[in-house]
Amino acid sequence: MHKVVNNKSHFILQIWYICIMCPLYLTICDLDYIILQGEIQNILKTKAAVDIGEFCLVEDVDSGRWYRGRVQNWKKDLFDVFLIDHGNLLSVDISHISSCSNDLFILPPKLVCGFLANVLLLHGCSHSVVDKYFSNLIKKHVTGYIQALLPHKVFLLEAPDINIDLIRHGFGRHVDTDTFLLLVGMLTEVPLKQNMDPVPDLLIKKPWGQEFCFKSSCLQGYKDILSLCGPRLSCGTRAKVRVTAAVNPGLFYCQKTSMETDLWEMSKMLATVNESRIKERNQKTPENLGLLCSVKGKDGKWYRGYVQFLPVNSQLRVLFIDYGFFESVNVENVYGLPPDLFSTTIMAFPCSLSSLSDEDEAVKTQQLNFLKAGLLGRVLDVEIRGFDKEQHLYSITVIGVEDNNVKEPEPIQELPSMIIESVSKEDLSPQCGYLYNETIMGKQLHCEKVGKTCKIETEKVQAPASFKALNIKPGCNLAVICSYIKSPSEFWCQPLDKHLALKELMDELQQYYSTHSVPLNSRGSCCIAKSPQDGRWYRAFVIEIQKSHARVMLVDYGFTIQIKEQNLEAIMPEYLYLEAQAFRCSLNNPIKPADPENSGDWSPAVCKELKDLVFNSTSALRCEVTQLYVKFQGLYNVVELYDTQTQQSLTNLLFKQSVPREEPISAMQLSTMIPESFVYSSHDLRPGNEEQVYITHVSSQCEIYCHLERNTEMIEELENKISDESEKLMQDSTTAVVRKLSLAKYFDGKWYRGLAHPVQSPLHLGVFFVDYGNTNISEKTHVMCIPRDSDLLYTPMQAVKCHLASVSKEKLCSDVREWLDGAILNKQLRVVVIGKREDGSFDVELFDGDVNISEKVKELILRFSPEPRTVVSFNMSGPKKKPKALITGHTKSSVVCKNQSRRPSRSPTLIASRCTQFGNAPRKKNRPPKKHVPGERPQHTEDTEIHQLSCLPDMKVSSGFRAMCFVSHINSVDSFFLQLSEDEPTILKMGENLNSSIIRDSLKSATFLRVNDLVLAEYEEDGALYRSAVTNYEGSSRFKVEFVDYGNSAVMGKEKIYSIPKEYLSHPRFSIACSLLDTSMYKSDVSFTDAVMEKPLLVDFVRHKNHWEVEVEILDGSGCVPSVLEAAVESEKGEKSPASFQRDEKATSCEQNLFFAPIDIDKAYSGFAAAVTTPCEFCIVLEDLLLVMNKVSLILDDLPEQMSLPVAHLVPGTCCLFKSHTKNKWCRAEIADADTTAVLNLVDYGHYEGIPYEDCSKLKRLPEEMRNLPKVTYPCILRGVKPVGADGQWTDGAAVFFQQSLYQKNLQIFFRECVSNTHWKVDILAEGVHVAKELVDAGHANYIDVMLGLR
């Protein structure tokens, strides 16, 4: 911005006049302007009379130089001439003005000038303050939208950033575009319309920053709502109203002044509800909208809205129903309307001046002047003269105008829920597991939410808010600035990386609070305080107020000051975005100060020494947080401070120079210090170090935990201390409340240090084992609190978190992680430290002998990456085993046994030694690793009760159910068993867990067996355990059992039968007994077996008697293993590799396809464009289907958790729920393609999105009620035209022209012909004109049917 002027003498007193220099002229045309300026000086000057608006040359009397100008005003003998290349305004007489040739004006003006659009000056606002604000904008860059052009090339510019500032500071109020243009047109007596074309004076071909414009269209839906919910006014009555929006004198909207309080309360309520939604937006699924919504306007306030169209370019066209105007709004500023506001009366009613048809011009002029006053904010006294039912329009006469100008209530700004929480949240970090929120003086930092207006009006408190806290955790290593030092035990630091943000915030505070007064509510603790030392405003927290004086702590600096209560102001919510920057610290190695003269406090000399070390340092400081503790109800971060240049510890330097003696921590000190984390240690690891390590846990392909070999003795000593401590605690008769820092009992019966955190079950806790890196779910009875005086709280955590250098974490590969488990877990390896991260973890290269593990992992990622159809994997790696083949595509893992059964082919010996993602149990050097339990499995219980088969839950199968299945066992065509494809992962995972070493070691033989008893039985062919039911006693202690999840049976001795753990009773029986409804297709049982075994089947469950009668459709496919997996898989002897198949694309989907609503050929439908690419690829939405769209949105709003879409359903045509990245919400979708990338058709939006095949696991089943609703969009092809080019392709120009012809217009659609059951050939009229004809007339298309051109 070159220059800004508040031209108070201008006829538009409430609009700001501005001059802007186009950035292009500063570079492209600079030389041309220099040459032009020289020509102007040398040309012959001719004195001539000029009129307002004409160009001329004008002489600057002071410098004697001539400039190009335009006459702005003429008073007596003086002309006000605007210098079009400089922005100045010269007042000269006729002798200093010359006419000139038009050649001197070939170059466009170097500056363009105009008025700020869509914002009006508020009455009573200080002009000097406004002028100061605009002065600060000089030479600043401005982005804006040119809304219209006035005569003499003066434009109306909407600059959103400036407008927001003016409204926020209480200088102006927002006005919608239509209303603003009407007002300016009435004031200038020049009719205006919204600009859609390039600005003629600018050296650019396309519109400059033009905002996406929405044109008006039919609002029949809104009119229906208005007729039901609008205000009721009787003819002949009078009312006091405000004009809220206007299109012309024949259509404007009014509100009764009596509704202002209700409107304000509604806005506050919507702000409170929706601002909390904004905070939660990244934490949960965004809601879907109906036609009525909550919308955040350009002035930052919340309103009720009516959504007319689907989003275009992430914008929605919303009608503000209580005000009567439209705005284009970003989709993130639109939410569903709270149900209790659906029935609230619409507060704006449409009006027309009754005098428009009056022949008396004086009356008409008077009424227009009244309307003009109303548009400027005055209250109108009106009389209702009539009502047009068809248009729902009130005819009114304005009786008079009151001087009650618009008084803007306090703007509703952000209402984030920023109340800082106490120490209660955990993050499963390896070092401490805390997301610890800072507390100050042991209190939560609350402050009162306030609004803001000009200084002349006092602000009012709105709602509570508070400062956010920095996320500081043990292990954090960050550059800092020490802002305040009290002693080595208490000083405050600020993160260096946020120093500039704090500086900007401080500047904002000074600018705002120097001109505004925001009284602090008596309940407010968060505030703004004016320091008596430097007179500056600071963010602060009130500690106490006594006798009109307050003691406050400056939260961004750490120190406390005493001020008068009158110097406290409430904090505006926009100044809460930055976290409280100061965090309290204490130097590492707690010691007792050696200064008896100061009664145990640090001596002034020591404190001065620390200040000198810090403040005299020529280089930056780094701070490493080692522990958190609470002292006197305040949070402290125990830290090490380092000089980044010398790498020296300031702690060591201080203690060497001050010579304090280190002593054990006294009982009194311990009573005031409560550790809130275990101690983090970097174990002196530095880049370049080589270490021997033991891998204790593999989190992913790029993240591991390990023990340092040199710490082995420390670890053994730690385990001995834990053993002793746990024995003492168990003997203690009192039960301490479980805190985060705890001892937890592992599956091996031993106790280990852990961080406890709550889980859904009230009887269990999640425990992160800080010395090993894995996590487990434990019973609360197996978790004990560590006493405060225990050394266990001060022994550093032993699990070192490492990241394999240069290994990608973007695309996790489960089979690579399996290989890593088997290759490195519990092994002694060598690491080379590459670097240290800010969270305290390390980047390393990992070596097994000469083998670089990191490089090997990267090779495996590349090998497995080309196989995109991996959908299920299990953690089954052992120390010397390579990963097994994964279940791929629509594959079923199977082994065909003698009795034609399929069952998991995992060897129990292999399964028993496999590991899971929660890592190994604690281990020691020179002893075998302890056994562990898969972390995803519930903790095993020692319940020996024998349960009956009937206790299993029922399968959710009913008549008419259709699903993808596989045969698990066949007796005959009249007796066979099926498994649902979607149950395969659960079946296999259960098999893995049942055959883990922990279960094996804890099994108890069944002592007494009855028919239908549910047991575990060992299958002879693979030695694995399966869920079974006893079906008969065969004598000699032998029993016949049925494997309930597969359907086959076997006879075995009692010694092979065991009691089943209780947690395996929650799954239903997975095999479904069936018979074929129509057996005529198969000649024998053998032919049926050959046809269906190991084949994917589409099964219809018809009816149930003692078993299900079914109809079966076979889906053929190949049976090869992908070569990329064959190379990496070492199959066990006797096992068959998993089969795979490719589903025939023409096969019927097991999820019902969505359908189109029926339409009539050649009937005219109203609608609008949803997605437009070219004339042969676009989608339209019919107005008749808006209610369907609304219903879909309402269903999605209240959607319960849905089941994932089964792998077998990933075929073209299947409908599903898809979380769209572009829409940021759940949408109905159809799978268009499912090869290496899944392509999804968003049937209610008209466009496609693609996702990697491995992400298909995120797709959800579509609820039945949504499958019964038709698609909202119709894919179309424009009939009767073809591209002009010989290649038959639409040009980019044609596509853009076609898009502009459809977007935001009322369309009439005629469906002429259905093409391939998916597309319609259509004729379209946009605002009464054939779009096909427009394409031909513009030269972008030719007619296919010559007769079409004659119509």
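Yeah, the Cβs are placed from backbone N, Cα and C, and that goes for glycine too.
Features as listed in TrEMBL:
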- 922-932: compositional bias 'Basic residues' (COMPBIAS)
- 933-945: compositional bias 'Basic and acidic residues' (COMPBIAS)
- 49-107: domain 'Tudor' (DOMAIN)
- 286-344: domain 'Tudor' (DOMAIN)
- 520-578: domain 'Tudor' (DOMAIN)
- 1008-1067: domain 'Tudor' (DOMAIN)
- 917-945: region 'Disordered' (REGION)
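Over the domain 'Tudor' (49-107) the predicted model carries a mean pLDDT of 87. With DSSP classes pooled into helix, strand and coil, the tally for the domain 'Tudor' (1008-1067) is 7 helix, 31 strand, 22 coil. Sorting the domain 'Tudor' (286-344) by DSSP state (H, G, I as helix; E, B as strand; all else coil) yields 6 helix, 27 strand, 26 coil.
Taking H, G and I as helix, E and B as strand and the rest as coil, DSSP gives the domain 'Tudor' (49-107) the counts 7 helix, 28 strand, 24 coil.
Across the domain 'Tudor' (520-578), the DSSP tally of helix, strand and coil residues reads 6 helix, 29 strand, 24 coil.
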